[in-house]
């Protein structure tokens, strides 16, 4: 925090709060009345009070939007009258005593405060929910909007909107809440209701809640209002039974799935931690609005209701169920980690959230509700891979520890403190640590943490305190070193694997460095390259895990046996570069045997995709290794096992990148076709009739990629004409949607006359596409409108693949006439693949090259388009600005390899006309040049293999 911490500055800290709040949601005044009796004790961390024997005259508490009316303090029978002043900038109430206050070990300083606070009225999702807030909603019986729900949100610094306190996570106290409110309302808080007492008015009552365990102010909470509820009892360890309730303002029957999930997983978590659930009850309160979506208040979890009020028809969707369960169990984990054990700074929020997600996913997977999560696409491809790519793209990237050092103040919201990058890296770190340590060992280590209540519950701690404790318990320094390495070292490593035969023996050498994409020589020299603690997860050629070498802690490691793959199942946060022929030969052997995991093969291709085209990292072995695997899969003697279609599609994505880079060389293009594309095309069993509706979607993706890569082939064109006829004429469900784009591209590429082209051009009209949607096999259940749109976009993208000069002119005229329509620039897509080819007329080659025709068209229209595109604030201007940038990007790519001066001259002339930055042509050109450097790198090593 940027503000001075009261937990360090103040002579006293709270040990107990007794609160009475008077809340009437119906009243027009947006205020509540509050009184607090706060027990204060000597602060051993105080910078202003050396010891308990010293006296003081001033102390402070946080208070935001509170008007303190009066205050006094007592120690035993001694009373201290207090003067109150406000520091509104720092949100402090300052209490001054005329006589010195001398603390005693026997008697606390008891502060009594009367005050008034605000209740915020929340009407939309854009309104921020913090402190106490209320929402009115329609009574479904009367049809009037006079029902109310009042709730709280205290994280990170909004408890001080409810009562004067030290609103910092380092301070843990107990709480006893009393609420005076309308008798018609349900009232829920952290602890059970202990007593309900009628007040003078028969319509009001006082609800007294039991005293809480030690907890931070951020997880204090309550809710009152017109709430429906579901309730059950859950049996826990030791024949203990606790009530669990779900509250919501409406549709409470739709909360049954939430209740069932809590009933299943609360006992499982208690068993996992070997620590009793810390409270005598648990409630979920589902609210119409909640800015942070969910809040793990101790014993009273609040969640925005649309996440957990799930109607039966929605529960049929597996993804909906899994997301709801992840959310519920995540919040349940917090009852132990985050609430019972809490952290002394918001700098640890990443760990608190990462831990809850990691353990929730582990427990759900272990108990059959999140099948194969840690090897699933949502985890590996939607979380791990994008995070690694971002990390490798930033030479100035920060470690988790550095990210967490945020300059937060008392006005900060959770969104200001939470960092998704640190959170995701934290989950990955915990998962890899779990595997490296052993699931049962890590669980026992965590059990030992919860056993030590004096250290881990009586006070707030740091995450590293937990790992130091577990390391000592397991007698392993590697635990602490591992966590320290992954939290304090920025970026991610790449591990190079070299296998060689020496004196009749196999020797494997591993070398690690930090991995950064497109690193210049100067940046490489300045890069901090500290070795990571890398969990190897190695697999031996016999398929067993390598148990001899499990952790790479130094720069290099050598051992005298071969390794098949490391980072098995992609569970580690690093890239692997296989840099020996022997590595790829071994991989191919296991593909033949079908013993190589499909996830491992996909990971090999994913990592190669990061190396290929990277001037500072790519070498010829990466291209050779890719070709060796793809050629092996394409060979007639190798069967493509169904499990390999998915990784093969990733390998072909890398090949498409190489294919795009080789467009300037017919020799390189011929090499790729002959070595991989044609053998793969010949190997695939292409249906000449209807497709099997149960065909693997990944197989269909591979088919689509192979058709596109083989688009110049007459044999491919003949096949696609059959599919194109089925697309236009049927029968029903005869062409997979996944193949439509590639079919259209191949047909367009081989169009010989206007009549043929018009069949494709007709599909540019949405109405024509709508009429053929029933001819398409739709694997992903898009509706007919979505399917028609996809066919239409595919048709537009395919127009530019035709080489007939008359058709090219018609395509360009079509773009010109419709330039103000969304997506028309897509029609240029094909020209970018044929830009070096000669146009033909009546199937006879002409002198003019495609890109020369495109350039004449571009130059003839640019100034007119640019004038319109630079009219800011108009719909046409904004759209044309975007379209013209896209068109310029495509055309610049056609000349960057061999005529860059042409583009540079054009940009300089246009800047004189239009101004320096109206279209940012310099930025577009810089991006194109950067991409070309990557393509040059590919061509450099590709040429050496041809």
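Indices start at 1 and increase along the chain as displayed.
The backbone N, Cα and C atoms fix where each Cβ goes, glycine too.
According to Swiss-Prot, the features are:
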- 331: active site, proton acceptor (ACT_SITE)
- 293, 294, 295, 296, 297: substrate binding site (BINDING)
- 330, 334, 353: Zn(2+) binding site (BINDING)
- 2: N-acetylserine (MOD_RES)
- 423: site 'Transition state stabilizer' (SITE)
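Taking the features listed in Swiss-Prot, we show where each one sits on the structure.
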residue : record                 : Cβ contacts under 8 Å, 6 or more apart
293     : substrate binding site : 303, 304, 307
294     : substrate binding site : 301, 302, 303, 304, 307, 327, 330, 331
295     : substrate binding site : 153, 154, 155, 219, 221, 301, 302, 303
296     : substrate binding site : 219, 331, 334, 335, 338, 339, 356
297     : substrate binding site : 152, 154, 190, 219, 220, 221
353     : Zn(2+) binding site    : 418, 423, 426
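Of all the binding-site residues listed here (330, 334), the one with the fewest other CB atoms within 10 A of its own CB is 330.
The 10 Å shell around the Cβ of residue 423 (site 'Transition state stabilizer') contains 20 further Cβ atoms across the protein chains shown. Residues 296, 331, 333, 337, 338, 352, 355, 356, 357, 360 surround the recorded Zn(2+) site, their Cβ atoms falling within 8 Å of the Cβ centroid of 330, 334, 353, which are themselves excluded. Other Cβ atoms within 10 Å of the Cβ of the residue listed as 'active site, proton acceptor', summed over all protein chains shown, number 21. Close to the recorded substrate site, the chain also has 155, 290, 292, 301, 302, 303, 331, 334: residues not among 293, 294, 295, 296, 297 whose Cβ is within 8 Å of the site's Cβ mean position. In the three-state DSSP assignment, the secondary structure recorded for residue 353 (Zn(2+) binding site) is helix. In this structure, the residue listed as 'active site, proton acceptor' is part of a helix by DSSP.
According to its DSSP assignment, residue 296 (substrate binding site) is coil.
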